[in-house]
Amino acid sequence: MVNRINPKAIKAGGTLNLFEKYLTLWVALCIVIGIALGKLLPAVAQTLDSWSIYNVSIPIAICLFFMMYPIMVKIDFSQARQAVKAPKPVILTLVVNWVIKPFTMVIFAQFFLGYLFAPLLTATEIIRGQEVTLANSYIAGCILLGIAPCTAMVLMWGYLSYSNQGLTLVMVAVNSLAMLFLYAPLGKWLLAASNLTVPWQTIVLSVLIYVGLPLAAGIYSRYWILKHKGRQWFESQFLHYLSPIAIVALLLTLILLFAFKGELIVNNPLHIFLIAVPLFIQTNFIFLITYVLGLKLKLSYEDAAPAALIGASNHFEVAIATAVMLFGLNSGAALATVVGVLIEVPVMLMLVEICKKTAFWFPRDPEKATLLDPRCINQEIRI
């Protein structure tokens, strides 16, 4: 039996490509390559990091821009106007992402990394001239992940879970705009509460460079291309050739990061697992909260599933970029954000399957979905 595409629904998302499907494998390869680079050519990473302006590494900034821009150019911000037509799921995702999720991430990170696993994380590192324990540095990375709701791969999660992709696009647009204004103040406040001093100007500059600049470039170039080249050329040609650039930029950033952190990982492979514990629990906890709230609000499954999935997943590109700028490429905070990348795909695919298996809990409105649920299609139109 083959799933049927709904011709009436908004086309967004799709099946995972080779990179996205095996993201965990590529990150693991980057760990190996980065560690080898750090061991064999230790001067390379230091030289690259020395090319900086106001503590912003130019090579890394370039990589991070090309990692972020393809994500931003894919977002249709005109969909944000549609939020008034579906207020309940949009309000739900905003409340979860910006009122609940940041604080539960702090609680889980502090409990596991700052208390339970603290005896295993007693080493320190120097960040901006300040001696910081690895535990606190890892907590900072977790916080930066926790306040960055996913706006990219969630389209794929929504598609695979038979969700309302029109609503998913609305939530992506609204959360991206919210991130531009809320990420810096929330990050500053929560990091300060975790005994990590971050200059206000630095985190604002980080958001402007790694969110604002790609966002502005994405909005303008999307508008210009759609106006002069048309949607078909934009989707079939421009995005087709742009996606590999984002992949290469992400992989280069990860290789450089692990070139710095190679020795720590070789000596303490347990750290990767320890960081993954609060991230895994946070992802599942937020998913459960949002999913249950969607049930209580009497949302249809097609609206509740993407709301839960966008809350559960993280915008790891923004988190990596911010951690690198605030704490440095060789910081524990940057390493913690990469652990988020490492577990993202397998955990989210697990949650997609949970959504599909529990869809019967909710009222169904299958015609909203781009990929129709075969369980909701009449036998005669199954292919």
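Glycine residues also receive a Cβ, built from the backbone N, Cα and C atoms like all the rest.
What Swiss-Prot records for this protein:
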- 25-45: transmembrane segment (TRANSMEM)
- 53-73: transmembrane segment (TRANSMEM)
- 103-123: transmembrane segment (TRANSMEM)
- 139-159: transmembrane segment (TRANSMEM)
- 166-186: transmembrane segment (TRANSMEM)
- 200-220: transmembrane segment (TRANSMEM)
- 238-258: transmembrane segment (TRANSMEM)
- 272-292: transmembrane segment (TRANSMEM)
- 309-329: transmembrane segment (TRANSMEM)
- 332-352: transmembrane segment (TRANSMEM)
Ranked first among 103-123, 139-159, 238-258, 272-292, 332-352 for CB pairs under 8 angstroms with the transmembrane segment (25-45): 238-258
Listed stretch, out of 139-159, 166-186, 309-329, that has the most CB pairs under 8 angstroms to the transmembrane segment (200-220): 309-329
When counting Cβ pairs under 8 Å to the transmembrane segment (238-258), the leader among 103-123, 272-292, 332-352: 332-352
CB contact flag for the transmembrane segment (332-352) and the transmembrane segment (139-159), at least three pairs under 8 A: yes
Winner by Cβ pairs under 8 Å against the transmembrane segment (103-123), considering only 139-159, 166-186, 309-329: 139-159
